[in-house]
Amino acid sequence: MSKQTLILLYGGRSAEREVSVLSAESVMRAVDYNAFEVKTYFITQSGDFIKTQEFIETPGDDEKLMTNDTVEASQAIKPSDIYEEDAVVFPVLHGPMGEDGSIQGFLETLKLPYVGTNVLSSSVAMDKIMTKRILEVAGVPQVAYTGYIEGEDLEAAVAETLEKLTFPVFVKPANMGSSVGISKAENESELRSAIDLALKYDSRILIEQGVVAREIEVGILGNTTVKTTDPGEVVKDVAFYDYQAKYIDNKITMDIPARVPVEVMTQMRAYAAKAFRALGGCGLARCDFFLTEDGAIYLNELNTMPGFTQWSMYPLLWENMGLSYSDLIKELVVLGQEMFDKRESHLI
């Protein structure tokens, strides 16, 4: 039986490129090499495409994907050179220029099927402010928030925040993930400093009401038919679940399934599917919720390319549902091909 080519894109231009490499290495080891051969391409911080390794069998434990320290300029290619007939692309890219519709539009221009959400849902879900506005209309509960866009009246934004929210608040770049650039502010001075920090990563800033809550996550899989997982819980060993704790120090543990009442579990799964559909989602996503002591549920964010390392919540949630990491990858490829075929059929 001939194998299908699975193209892994990893690295990228965003601050989350380290996570991308870890995710891609996990995917390359979990792939069923009876069904796929894998070709990998590293995207540098400057946006260059580098042809890296190819695998026809499971790589050894010490095999690492090539990155900035090991690639050579002679390996650089034109981005369009990744095209291969009958291949499917898995863009294991997190954050801006990877998860925001940019790479998805590029792949659609090349007529390449790909894993994950389409251009529209990727770009909307990447922007936390736009996501909030759409989910408000859809009736999905969220914590109170304000926003600031660079160039607008900063003093007015601070005043609105002081009026509508109470400290502590969380200040986030609207278009970043993995806790990059996020700060907790306990007073007005810290709020202003947090806005300055967030502006280094984005020109659109979300300011959210801080809540004392458990962090519960639900996996989503599907196109027209949407499946969800039982929730899992992030059990933090640090005060703030930041990028360093999440990916570098690994100072978190997870309870899968989360220890929550059945009615809470059911409601979260319903909200997750509702949010996914409201944003036009397809392929996959992870929906992150807050659960307060009084039982209130708030949707925090919807991540269209969640971490894919062997210790990441998304694949572990599906393993708990009986879908192995390897079979999850197969299912994502099928869903990606299905969406590609549908897009092509609409071009009449």
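For all residues, glycine too, the Cβ spot is worked out from N, Cα and C.
Look at Swiss-Prot and you will find 162-217 tagged as ATP binding site. Per Swiss-Prot, Mg(2+) 1 binding site is recorded for Asp288, Glu301, and the stated evidence type is sequence analysis. The Mg(2+) 2 binding site feature in Swiss-Prot is assigned to Glu301, Asn303. Positions annotated as domain 'ATP-grasp' by Swiss-Prot, on the basis of sequence analysis: 132-334.
Feature map: Swiss-Prot annotations on the structure.
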residue	record	Cβ contacts under 8 Å, 6 or more apart
Leu162	ATP binding site	Glu188
Val169	ATP binding site	Thr161, Lys184, Ala185, Leu191, Ile207, Glu208, Gln209, Gly210
Met176	ATP binding site	Ser14, Ala15, Glu16, Gly95, Pro96, Ile182, Tyr201, Asp202
Ser183	ATP binding site	Phe170, Val171, Glu190, Ser193, Ala194, Leu197, Ala198
Arg204	ATP binding site	Asp127, Ile129, Gly147, Tyr148, Ile149, Glu150, Pro173, Ala174, Asn175
Val211	ATP binding site	Val143, Phe290, Thr292, Tyr298
Asp288	Mg(2+) 1 binding site	Glu215, Ile216, Glu217, Leu299, Asn300, Glu301, Leu302, Asn303
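Scoring each of the binding-site residues (Glu190, Glu301) by how many neighbouring Cβ atoms lie within 10 Å, the top position goes to Glu301. When pLDDT values are averaged over the domain 'ATP-grasp' (132-334), the model yields 92. DSSP classifies Val211 (ATP binding site) as coil under the three-state reduction.
Shown are the binding-site residues Leu197, Asn303; of these, the residue with the fewest other Cβ atoms within 10 Å is Leu197.
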